[in-house]
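A.B. asks: Attaching a single structure in structure tokens format; questions to follow.
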Amino acid sequence: MSTASHDSFCLASWRFVYEGVKHAVNVSRAEELFGPCPWMNVIPLCSQHCLTAFGGIIAIPLILSQGLCLQHDGLTQSHLISTIFFVSGICTLLQVTFGVRLPILQGGTFTLLAPSMAMLSMPEWTCPCEMSFLLLNTLLIFRLFPVCLQLQGSIIVGSLFQMFVGFSGLIGLFMRFIGPLTIAPTISLIGLSLFDSAGGSAGNHWGISSMTTALIILFSQYLRHISVPFPTYSKDKKLHTSRVYVFQILPVLLGITLSWLICYILTTFDVLPAQPDMYGYLARTDLKGDVIGQAPWFTFPYPGQWGMPTVSLAGVVGILAGVISSMIESVGDYHACARLSGAPPPPKHAINRGIGIEGLGCLLAGAWGTGNGTTSYSENVGALGITKVGSRMVIVAGGALMVIMGVFGKVGAVFTTIPSPVMGGMFMVMFGVISAAGVSNLQYADMNSSRNIFIFGFSMFSGLVIPNWILKNPNAIATGVIELDQVFQVLLTTSMFVGGFFGFVLDNTIPGSKHERGILAWNKAHKDDSSNTLESEEVYNLPFGISAALSSSAWLRYVPFCPGGRPGSLDGSGADTNSLEPKLFPGRPEPAQIIVGVGL
């Protein structure tokens, strides 16, 4: 197999995206992931990955703001957005450098959003129906920060559990008992449980929200095969035009930006009502006042910026349910990322390290006070399938870009001016895709089986009924022990926990073959078939010569997150040390499948 130079690979990959070449360049996968790219290519590619993930990263702090009573406090919202950008950038750098080492972006996770909102919906933390901006600032010190600090502490404790599971290698034991019938209701109920948040935001102006939804659907589904000419520069052709599939790459960002611009124009010409009690007032872009002017140019998020985190038993138990779901989802993302980038399937030590580093990322997120954790982004995996560029340098540059954005306070302030109906329109698409992504796991199970139909149907319905009833009857749980009441309150109002719990128990207790349950097909799809080849070492071993230094100690090969040793005679695996040919995954993924990840 012929091996191209580092620069020629990146230039060829760039031409593949923008000129419609149908076959990727045939070079060593280890070289593709390690090789440097010219900055003229790295900057637009890393910007594309960041822009693809913006929808999810921005949505999480804006949703949390509702539970934290920050709807009218634009400055605090902007600081929260800056913090999550900053931490996401740091976690991306850690994951690509020391974690699973695949080109995958890190960001906020919706699996922790569900238990966080359940915790914030407890009676003692419920926001008053009406609150003026002045009164809100008075209440921040006495009422808001305690629950924020409890949320931080709960995330920190939950992250320690994730680090233990990852670095100890227990994630493999977890996956033995968790199959499609557990994962499907768990992931689906994340999206379905947020319907009230989506409806509340979209209902502030159904015209604007419907326009946003229609634009995202138009760009992501109907116009995804249409390319747009853009001026580009290369050494060979100098300044010329190339065609970019921009609608396929950035449908969410384009939809939000266009709706946002229309709302700004309608606000400028006073088409939208200026009275707070009139319908459509919340679609204006000037509701936060001069938040952009008030926000500082530079802000430096730091650990403990909201105060010393505290811990509550109810919060920790609820966050643990979200952490387990996040780990399961990340394992699937690792395999998907390796498959789309053409790398060997990740070995066990890389998966263990990736889960452990994600736990470390959640620890940092809890310490900095993002109100959320971090996880691998499915949007980034989908973007890899479109661009066919799997260079680590691109993702490293993307992580650095997010850190820089987190330092500039004006950036977070700009995002707070997005009207809630625009975000509601995005939620309609985003949460729908999350729900469908969960249901798609049923493709591995035999859905002609009455057993599987019962388990999935009962789990889904229970995950909707029980939390809804508990929220309407908050005083129904009274064991006599306040801490125990809070634990039950958080768990039973977290839809993904209720549905996942019933799915897990029923799937592991009701008799059924592994083929019927989908375990065989699931394991085959996520099989660790990467032999201990030299190519696998170059992709997944630790950087800076750390693996070579560790290989001198024979006992370290038994450490779950350390590489197992050199191929060939050193470890007795019988692997072919001369095999440098990468495992090829011919054929471009179907755009309809890729857009599921991008559309998030």
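Positions of Cβ are set from backbone N, Cα and C atoms, glycine also.
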A.B. asks: Suppose you had to name the range TrEMBL annotates as transmembrane segment; which of 29-47, 162-180, 181-199 would you pick?
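C.D. replies: Based on what TrEMBL states, transmembrane segment spans 181-199.
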A.B. asks: Which range, 111-129, 453-471, does TrEMBL list as transmembrane segment?
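C.D. replies: Result: 453-471 is the stretch TrEMBL calls transmembrane segment.
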A.B. asks: Look up transmembrane segment in TrEMBL and report which of 50-68, 544-562 it refers to.
C.D. replies: 50-68
A.B. asks: Could you name the stretch, out of 80-104, 181-199, 306-324, 394-416, 453-471, with the greatest number of CB pairs under 8 A to the transmembrane segment (422-441)?
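C.D. replies: The stretch with the most contacts is 181-199.
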A.B. asks: Short question: most Cβ pairs under 8 Å with the transmembrane segment (50-68), which of 181-199, 244-267, 394-416, 453-471, 486-506?
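C.D. replies: That would be 244-267.
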A.B. asks: Which listed range (80-104, 181-199, 205-223, 306-324) shows the maximal number of Cβ pairs under 8 Å with respect to the transmembrane segment (394-416)?
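C.D. replies: Maximum Cβ contact count belongs to 80-104.
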A.B. asks: Please give the sequence-distant neighbours of the transmembrane segment (181-199): residues at least 6 beyond its ends with Cβ less than 8 Å from one of its Cβ atoms.
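C.D. replies: Contacts of the transmembrane segment (181-199) (Cβ under 8 Å, skipping residues fewer than 6 from its ends): 63, 66, 110-111, 113-114, 117, 325, 328-329, 424, 427-428, 430-439, 441-442, 445, 452, 455-456, 459-460, 463-464, 467, 494-496, 498-500, 502-504, 506-507, 517-518.
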A.B. asks: Report yes or no: does the transmembrane segment (486-506) come within contact of the transmembrane segment (306-324), defined as 3 or more CB pairs under 8 Å with a sequence separation of 6 or more?
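C.D. replies: Stretch pair touches.
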A.B. asks: In terms of Cβ proximity under 8 Å, which residues at least six beyond the ends of the transmembrane segment (306-324) contact it?
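C.D. replies: Long-range Cβ neighbours of the transmembrane segment (306-324): 109, 111-116, 118-119, 122, 145-146, 148-159, 161-162, 174, 359, 362, 366-367, 369, 373, 483, 486-487, 489-491, 494, 496-497, 500.
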